[in-house]
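Engineer: Supplied in C-alpha cells, the structure appears directly below.
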Amino acid sequence: MDVGAGAGAPYASRTAEEVFRDFRGRRAGMIKALTQEVDKFYQLCDPEKENLCLYGYPNETWEVTLPAEEVPPEIPEPALGINFARDGMNEKDWLALVAVHSDSWLLAVSFYFAARFGFDKEARRRLFNMINNLPTIFEVVTGAAKKQTKEKAPNTNTTHKSNNNKPSMKTLSRPESQSKPPKMAAPPKDEDESGEDYGEEEEEERDNTLCGTCGTNGGKDEFWICCDNCERWYHGKCVKITPARAEHIKHYKCPDCSNKRARV
C-alpha cells in the first residue's frame with residue numbers, strides 16, 4: 001500500500017503500523033538494488049547521466065531515475081547525484097555510501113507521513129521502535145547485520161564479555177595513505193625554505209587561499225581538497241569529503257562543477 005496519495009490530496013487517517021509497512025516495502029526494494037540486483041543497479045548509475053536518485057517503493061521494487069520535477073516534491077527526495085561518485089570510489093565504499101543515504105531517506109519519508117497524519121508522541125515512538133527493530137540498509141549491505149546476529153546468538157547463559165565486538169566499519173574507515181595526491185590534504189604551502197623572499201611569497205599565497213564554499217581561509221591545518229576541474233580549494237568538511245574518502249577519488253569535482261555538468 002502506498003500511503004502517499006500526493007502532496008495536495010487529502011490524507012485519510014493512517015496508523016503507525018501502516019506507515020511502517022510502507023517503510024518496510026521501500027526498504028526491501030532498496031536492499032534488493034544494493035545486494036541481489038547490484039550489477040543492474042551499478043550499470044544504471046552511469047556517471048555521464050544527469051543527477052540520479054535511488055527510489056524504493058512500497059511494493060518492494062526499486063528504480064534509478066531523475067528526481068521529481070514538482071516543487072515542493074510529493075514526499076522527501078532521496079540523495080541526488082549518486083551516480084557521480086560511482087567511478088571515483090571503491091565499489092564497496094560507494095554502495096555503503098548509497099546505503100547510508102537510503103537509510104536517511106527512508107526515515108525522512110516515514111516521519112513525513114507521521115507529521116502529515118498527525119501522529120502523537122506515542123504513535124511516533126511506536127513507529128520508531130518498529131523501524132529500529134530492523135537492521136539498517138547500511139548494516140545489511142556491509143554485512144554488519146550478520147555479525148550482530150552472530151554476536152547475540154551464542155550461549156545466552158554465559159557471563160557478558162568485556163569485549164563489545166562492535167560491527168566492523170572497514171568499508172568506510174580505512175587508514176589514511178601517507179602518499180596522497182598533492183591536491184589533497186592542504187592548500188598550497190611553503191615547501192622551499194632556502195629562499196627568504198620565495199618563502200614569504202608562498203606564505204602570502206597560503207594565507208590568501210579561500211575555501212570555495214565558506215569563503216574563509218581559516219583551518220589551514222585542517223584537511224583541504226582541490227577540485228581537479230576548476231582548481232579551487234575547499235575545506236573537506238565544507239564539501240563533506242573526509243581524508244579516507246578522498247583516497248578513493250581519482251578525479252575530484254566540486255559541487256559547482258558537478259552541477260554544471262548535470263545541466264549541460
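Along the chain as shown, residues are numbered 1 onward.
Keep in mind that glycine also has a Cβ here, set from the backbone N, Cα and C atoms.
Look at TrEMBL and you will find 154-168 tagged as compositional bias 'Low complexity'. Feature annotation from TrEMBL assigns compositional bias 'Polar residues' to 170-180. As annotated by TrEMBL, compositional bias 'Acidic residues' applies to 190-206. The domain 'PHD-type' annotation in TrEMBL covers 208-260. If you look up TrEMBL, you'll see 145-211 marked as region 'Disordered'.
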Engineer: Under the DSSP assignment, what numbers of helix, strand and coil residues are found in the domain 'PHD-type' (208-260)?
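Structural biologist: The breakdown for the domain 'PHD-type' (208-260) reads 10 helix, 6 strand, 37 coil.
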Engineer: Take every residue in the domain 'PHD-type' (208-260), average their pLDDT values, and give the whole-number result.
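Structural biologist: Reported value for the domain 'PHD-type' (208-260) is a mean pLDDT of 82.
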